[in-house]
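One structure below.
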Amino acid sequence: MDDEKQQGSPSLSAVTDAHSQEPDANVVGWNEPTDAENPRQWPSKKKLGILLTISMLAAVGEISSGIIAPSVPQIMKEFDSNNDTLAVFVVSVFLLGLALGLMILSGFSEMYGRAPIFYSCSILFVAFAVGSALSQNLASLIVFRFFLGVCTAAAAGIGGGVIGDMYIPEERGKATSIYALGNLVGPLVGPIIGGYLGQDAGWRWVCWLTAILSGVMAIAALLVLRETYHPVLLDRKVLRMRKETGNQDLRAVSGISGHRIQTFRSALGRPLKLLVFSPVVSLPCLGVAVVTGMLYLLISTIAVVFQQSYHWSEGSSGLAYLGLNIGLIFALVVFAATSDRAYKKIAKNGAVQPEVRLVPVSLGAPLICAGLIIYGWSAEKGIHWIVAIIGTAIFGMGWIAFQMPVTTYLIDVFKHQAASAIGANAFLRSLLGGVLPLCAGRLYADLGLGWGNTTLALIALVFSPLPWLFVRNGEKLRTKFPVTA
């Protein structure tokens, strides 16, 4: 796939007129391979700065998803409610907002570019975080947390498209790992911070901390982030060249000028079209969504489980998330160190099919299964808390081995439409992440922690054959079920 290095970045010499097969002098692309305006040719430090900023934006957003979890009993007491489903919904409604935002914002990013979406959502996030801290009833708190989720979709979803904008395939595994660090660790660091802060200062200060952190990151976004979306940048290049040359016939090879409504309609509907009509999106994304639903079920309930099963305090219960954190970080480091190296090694033997990215999924599903069983039965039988923590760590490693390969696979396959593909993935992931935790109360009440988590484990195990199905049939599926704008 060496030729993919230049895909999405066509040079002037590569653009030909449909009738004469001669280069069309009026079509503007990138002047490969040294065009300084092409995001893939930017200095490594500049690209890393943008990547880290987006990762931190995602981290602050995702921290707010779970930071309030240990304080839920305190919130329910203040607002005089004993509804268990509503208690879980205070946490999980964030993910429903995230799901909606992912479907909408990916379309806007492919119409106006990435940067305006990051800027506006960063500022709005601060406003909704302040609203959460000032909430006077449960309904307003839920509404503000819903819109916090919508705003988080900018960093959580569009970031994958930015990676495709700036990095060639051989560099994307490491870049995706850096980006994912904020997305993955945020929801788990949040409860640890929130547990102690909520216990000592009250749940409102938990929300104020989110507002302060998001304010700092909004300033960083305005200072560091720059536009990376190739069609928007090429449109800008065309406008500049028209002024410089006086040639009004110049046009971008992949721009969007003059077609914004059509572009928006296509971009807005593309994530849904990909989910419905493209098996190379729907099947991996369904697997990721199911195991992510399980992840957020754990995030929503671990604090309560450790308070009830091991008699931990509200503050100490936040430490129960350390197992997930350790598992996620360890697996993420391993993925970052091995993914691109393995890809380059395979590429030496010729063209590489993107489906090879999915091979680690075959390890992820069994790890998820083992982790859930160890955690569930340890907590139910009162076995030492460290065993339950180890179970969650194994689950975290499995989740990374499942989620990360799918993300890099979608970026490799869809390139400039990567934001839509990642948006489709994150939409389904967030939807189940918001809904599945609502079943936790009934699941554990009817089956207990042991059999309840064993049931989830068996469901995860169903997805083990997924990578081999795609390695053998992926190219055929991509050809048979193409999705056009």
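Each residue's number is its place along the chain shown, starting with 1.
Cβ atoms are placed via backbone N, Cα and C, with glycine included.
If you look up TrEMBL, you'll see 1-42 marked as region 'Disordered'. What TrEMBL records for 48-73, 85-105, 117-136, 142-164, 176-197, 203-225, 274-299, 319-337, 358-377, 383-402, 422-445, 451-471 is transmembrane segment. The domain 'Major facilitator superfamily (MFS) profile' feature in TrEMBL is assigned to 50-475.
A contact between the transmembrane segment (451-471) and the transmembrane segment (85-105) is absent, since fewer than 3 of their C-beta pairs, 6 or more residues apart, lie under 8 Å. Below 8 angstroms of C-beta separation, residues 64-66, 68-69, 72-73, 75-76, 117, 121, 138, 141-142, 145-154, 156-158, 268, 271-272, 296, 299-301, 423, 426-428, 430-431, 433-435, 437-438, 440-441 of the same chain, each at least six residues beyond the ends of the transmembrane segment (85-105), sit close to that stretch.
For the transmembrane segment (422-445), the partner stretch with the most Cβ pairs below 8 Å, chosen from 117-136, 142-164, 176-197, 274-299, 319-337, is 274-299. When Cβ-Cβ distances under 8 Å to the transmembrane segment (142-164) are tallied for each of 48-73, 203-225, 274-299, 319-337, the top count falls to 48-73.
The average per-residue pLDDT of the prediction over the domain 'Major facilitator superfamily (MFS) profile' (50-475) is 82, rounded to a whole number.
Here the transmembrane segment (358-377) touches the transmembrane segment (274-299). Their Cβ atoms form 3 or more pairs under 8 Å, with each pair 6 or more residues apart. Long-range contacts of the transmembrane segment (383-402) within the same chain, counting only residues at least 6 positions beyond its ends with a Cβ under 8 Å from a Cβ of the stretch, are 184, 287-288, 291-292, 294-295, 298, 302, 306, 309-310, 312, 320-328, 330-332, 335, 360-361, 363-377, 460, 463. Of the ranges 117-136, 176-197, 203-225, 274-299, 319-337, the one with the most Cβ pairs under 8 Å to the transmembrane segment (48-73) is 176-197.
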